[in-house]
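Taken from TrEMBL, the feature domain 'IFT122 first beta-propeller' applies to 2-188, 189-292. Sequence annotations record features per position, and here TrEMBL assigns repeat 'WD' to 49-80. Residues annotated as domain 'IFT122 second beta-propeller' in TrEMBL: 297-551. For 944-988, the entry in TrEMBL reads domain 'IFT122 zinc ribbon'.
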């Protein structure tokens, strides 16, 4: 719909009301205290009428065109003749708000602020009736029997011709929603009188004469000032505070804007029996518009779809003349039709309909898909599975779900597009462009095929049935026919506006133009006959023509039709051939003839008489006469009956009656087909019934049921079906696919053979959901050590990259334990033990470095200076070779320098600052390090003796920076560190004498035997590659020292580390509380440590075997509820 401005004028005062003379030639306007009379054809002001002394509020013309009336703020009503002469004047007690002529009796109703009057030429006086509220508007019914009054207090009063109230309608808003404009629908086709009501509650509503509301209120979002119907009642005009006139359907659906104005619209009316609209505004503007309603339609063969009343679509079968109306209740913007598909574009969505059946005469459409999206397009085309949107130079192919699958960009504007058929999903499109190019596009192909290029723009296109010829109508109204393959112009004819090929006959086409229909057959001259309109289709002997808004079918003269019935010729030929082959059964021949003639019962009797019952059954089943077939069979062979039911079910399936087909298949014992249909249609209840009725031995149909249950997201029924047939493997797979892990684990407990099938997918699922730690444990549980190690390595790498060094330490510890677990395999022992020691070392490094990283990156320190001092020394002693990823030597030395300076180790601090000078230092540390390097020079060149570490084996004071690493410089005994404070613990590792097992050693230590006075003599034994200290035990009364303590006072020489080896008697002399044992799993040996200060308690974690001062360990466990190193929970009983 478009609104074209015809003329415009400007009065000096507000236009409150207007009225057309019934023949549409004159327009009366209420402007200020005058009436203005215009010629509607060109907007000429014919005459101003003066008679009122104040503002004229209302004007109305009588239906017979002889009189019109005006009402004013001066409380008077003036009656004028059509010759513009005032003939009568009467008054009310208040200003006149509205006037209306009875359409039948020409009785005049005039309404003021407190009463209304009824006057007719036969009466001498005006009969007046009081009103409870100000009357703002009034309107007579079509039959003139009732007058509706709209009031300021939100009430509508319906009166009879005598002024008596018959119906009272109270609007919900009351006085907050004054009724501002009302109008009865003038349509003669409506069964009931319908009143349209516009109120200042910003609502549009409809009522019957009885006062019953029709439908719901429609929100307007502006204050309406005027409402009026088109002459036939099909549309409504509404204007008001939104400064525009809107067009609505008679049901209140907004269709668009007629004209935007610069001020409030107080009045708008339709010129009688036309599409012209006049608008009057607050600022005195008078605008006269022509409304142009464009044809929105689509055609495919004998089906024509077109828009009706702007919101409905009518599909017309051009052969049977059947019509079906589809009510969309929104503005229909575009229509496309193809085979059994119909696409309708609405403002905010596209609806795709399909026919209920494949019957060529079926007219029942149902919604197949909705694409809820707003599209801008010039042309719309629908195919079997796609819609095509054309917008200027661009074509877009969308699936019915709204997904854009393909797009084509043309060189010029697209002027014409048409579907020319093809397999579903691969249809061809014929496209004509403004630059004269004609292309063929397949919806499944990105590349357009150029058929030919002509010099003039394309207006219309069609391709012949065999795809060999192309007919084009160009912008010069010339019809041109080309050979597609040779590009040769076969002929051309002038005066054409549209062209169409015959869909059944290759050489026939027709074109229209200049008031004639032209038919061309082969090389014969053109045949002409008179025709108004456009040719849009040519099917067999019918040509379809569109004239204005109506479609008609024109019969082609018989000279252009070829009717051939070959069926009987073929039958005769067939009988003759069979006779030649020796067939002599005349009954059989006669039965065939009867069946061709449609005499099926006679044919069946003859088939039976000739002993060919099967042919009779085939005939009935082919004709879908199943009841006759059953009667013919009677109580015959059950196999035949079953076969018949199966055929009937096949037919029901083909005609899209799947429920009936399922029931028939079940009764025929064809369970697989019944399951297939039920599954494809998602009928879970039907599948449940079938699955429960089937015997567990019928494995194939039951497995099909389970498959569909899974597909339809009903895993519970699928599990029930798998249990029925005992298919535990599929049941496990189902639980895994649906991630019902609890059921899967329960099944795995009962059937360990499925352990791999459960835990491996579970681990993968955990890993995909970023639950790597749980995934690693699941892989481990499933026996997939390699995957477990790989997940842990990835976790560790991620933790290091993200600077989560405490997590990295934990993961490296877990990795080391995994490697130790794998090392139990003799084939991998050496490699895995090497990895074990490497990962243990990395775990210790990252565990310590976590504190360094937090100290340098975070504003507050979480550790004591002594702890940071010890950690940085421990790290520097450990980082003798390559530095692991993520560990910064700069941060370690920086921490050591700062803490050394704070604790009085000035020599060490100076050494750390000197080391930093040779490294690349981050900008943020530069200033601090340079300042520290300068200020340390003012300190003495020595370290505080309190900080010097002591070896508890040989009592040697060790330097703060030890070139040998974390071992004693004298006895080479490795230091044992606390895993929290990193202080050297008072522990010495000792080894068992050869022949003593771990179990025997523990039992000897546990004996707690009383100590004898003995002489302890150390004996040094040197063999090929080892050096051993041995303790000789001889009873003596020289002293009562502990043999272990006595041994530790030994001064060792040489550079090789000599371990402490103890015998049974020394073990027996030890106290259990002084010995800590790292009980490593095989193939590692246990490690034994002796505490040299029994009163200072040390705690060892039973899981990771890390040592802590007992007080530190208890505090850390309280803080973290687990071991700070291996994260073993305190409530976990396992080591």
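Keep in mind that glycine also has a Cβ here, set from the backbone N, Cα and C atoms.
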Taken over the domain 'IFT122 second beta-propeller' (297-551), the predicted model's pLDDT averages 89
Sequence-distant residues near the repeat 'WD' (49-80) by C-beta distance (under 8 Å, 6 or more away from its ends) are 13-14, 16-23, 28-37, 86-101, 103-104, 106, 108, 110, 112, 117, 119
DSSP puts the residues of the domain 'IFT122 zinc ribbon' (944-988) at 3 helix, 8 strand, 34 coil
Using DSSP three-state counts, the residues of the repeat 'WD' (49-80) come to 0 helix, 19 strand, 13 coil
Across the domain 'IFT122 first beta-propeller' (189-292), DSSP labelling yields 0 helix, 64 strand, 40 coil
